[in-house]
Amino acid sequence: MNSPASVAPILPDTIFRAYDIRGVVEDTLNAETAYWIGRAIGSESLAQNEPNVSVGRDGRLSGPELVQQLIQGLHDSGCHVSDVGLVPTPALYYAANVLAGKTGVMLTGSHNPKDYNGFKIVIAGDTLANEQIQALHERIKTNNLTSQKGSITQVNILDRYFKQIKDDIVMARKLKVVVDCGNGAAGVIAPQLIEALGCEVISLFAEVDGNFPNHHPDPGKLENLQDLIAKVKETGADLGLAFDGDGDRVGVVTNAGNVVYPDRLLMLFALDVLKRNPGADIIFDVKCTRRLTPLISEHGGRPVMWKTGHSLIKKEMKKSGALLAGEMSGHIFFKERWFGFDDGIYSAARLLEILSQEPANAEDLFETFPNDISTPEINIKVTDVTKFSIIEALEKDAQWGDAKLTTIDGVRVDYPKGWGLVRASNTTPVLVLRFEAETQAELERIQGVFHAELKKVAPDLDLPF
């Protein structure tokens with residue numbers, strides 16, 4: 001393989017983002033970019049005394065070419081690369097926990113459109129975010145890069161990952177499960193693993209295909225769950241599971257075909273973990289239901305609200321020693337019995353274990369948890385500059401009335417019977433809003449307050465409520 005030029009080209013600022021590096025292939029990201037990113041990651045890892053790096057890729061069409069250059073860049077910086085091949089992201093995180101090195105790079109476009117690709121990066125056990133990602137860009141710009149000969153070894157991590165989950169999960173009875181991999185990377189393991197746990201599996205779209213010919217692999221959007229819902233109803237299954245493109249998130253559908261939102265899934269997991277670990281910290285992001293806090297407290301846990309973003313949640317988990325965390329986006333992180341990284345496949349297995357021990361079906365079980373009326377996530381298009389200035393203005397000047405304010409990530413306003421949130425997305429030029437309340441009238445009242453305060457600081461905003 002020919003190494004590119006000795007000095008890096010200028011790389012676009014836009015690809016170096018809050019939780020990862022991501023861009024459009026052949027526009028802002030190409031094989032040369034991947035090489036230099038490999039050089040930067042390798043140099044940073046070596047600076048932290050970690051010469052061993054695991055590398056994986058998802059099923060995107062650009063994957064084979066980009067991963068080859070990424071690995072070459074790591075090799076040329078002097079790192080010893082374990083190439084684990086086409087795997088879901090959690091299997092790469094697993095490799096970075098159980099192989100010699102604690103550095104791992106996953107080449108994945110996650111749930112972005114098919115022409116995207118990107119890099120999720122762990123260096124010496126720490127998932128990179130914000131200024132750490134900017135520092136990689138800085139290394140490339142200033143040519144602060146090591147140059148030595150490393151090595152490359154092919155490693156089969158999937159069998160080991162498969163076995164460890166299979167050995168950890170104990171099923172009390174057989175369940176019938178529909179598994180929709182959306183032609184993403186989870187297809188190489190999820191249906192086989194769930195079958196090995198003792199379930200009857202009805203598999204949808206398990207063939208890895210970066211064209212995503214059936215539906216987009218993003219279970220966070222209702223339109224992508226329609227095939228799963230229909231199949232669950234048609235087959236009388238106990239549960240439906242949908243994985244995102246790289247398998248670090250899972251979507252859940254009950255036997256009645258109703259979607260279980262991730263914050264409600266976290267309620268079930270929290271109760272399960274707290275049974276064995278009274279007093280444990282449970283972390284959730286600012287987008288989650290207000291019903292989580294009292295539920296965790298009542299069952300002897302310590303609820304911790306934190307910023308949105310898989311990298312930021314993992315850092316906070318490490319700091320606090322929390323045993324479980326979850327995000328409204330569907331990332332669930334188990335430290336109890338697992339490694340503390342977000343893993344849609346392991347989370348699905350834990351859900352099956354709990355369900356197999358319950359006499360109630362999934363629909364009835366989730367019905368027992370408190371529920372409010374809530375909106376889906378509302379995205380308001382702004383610019384990458386104004387999204388932050390609007391939030392700053394709200395923090396400074398807004399009048400919210402009698403409420404509890406949380407400003408760790410945007411502005412969350414909790415009233416006695418409901419709440420609203422507005423925050424700047426870290427990944428796109430939008431404001432993210434969400435509302436929840438006991439009654440429709442209270443929901444509309446809270447939306448009215450947000451509408452008025454947003455219009456005060458940004459009169460031109462086009463608000464759908």
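Placed from the backbone N, Cα and C atoms, the Cβ positions cover glycine too.
According to Swiss-Prot, the residue from SER82, SER110, SER389 that belongs to the Mg(2+) site alongside ASP244, ASP246, ASP248 is SER110. The substrate site, placed at the center of the C-beta atoms of GLU327, SER329, HIS331, has further neighbours from the same chain whose C-beta lies within 8 angstroms: ARG249, PRO262, ASP285, THR308, HIS310, ILE313, GLY326, MET328, GLY330, ILE332, ASP342. In the three-state DSSP classification, ASP244 (Mg(2+) binding site) falls within coil. Checked against SER110 (active site, phosphoserine intermediate), the recorded positions ASP246, GLU327, ARG423 differ in C-alpha distance, with ASP246 being the nearest. Using a 10 Å Cα-Cα cut-off around ASP248 (Mg(2+) binding site), the recorded positions GLU327, HIS331, ARG423 reduce to HIS331. Cβ neighbour count for ASP248 (Mg(2+) binding site): 33 (other Cβ atoms within 10 Å of its Cβ, all protein chains included). Taking each Cβ in turn and tallying the other Cβ atoms within 10 Å, the top scorer among the recorded positions SER110, SER329 is SER110. Note: the Mg(2+) site is recorded as SER110, ASP244, ASP246, ASP248; in the same chain, ASP58, PRO88, THR89, THR108, HIS111, GLY184, ALA185, PRO217, PHE243, GLY245, GLY247, ARG249, GLY344 also have Cβ atoms within 8 Å of that site's Cβ centroid.
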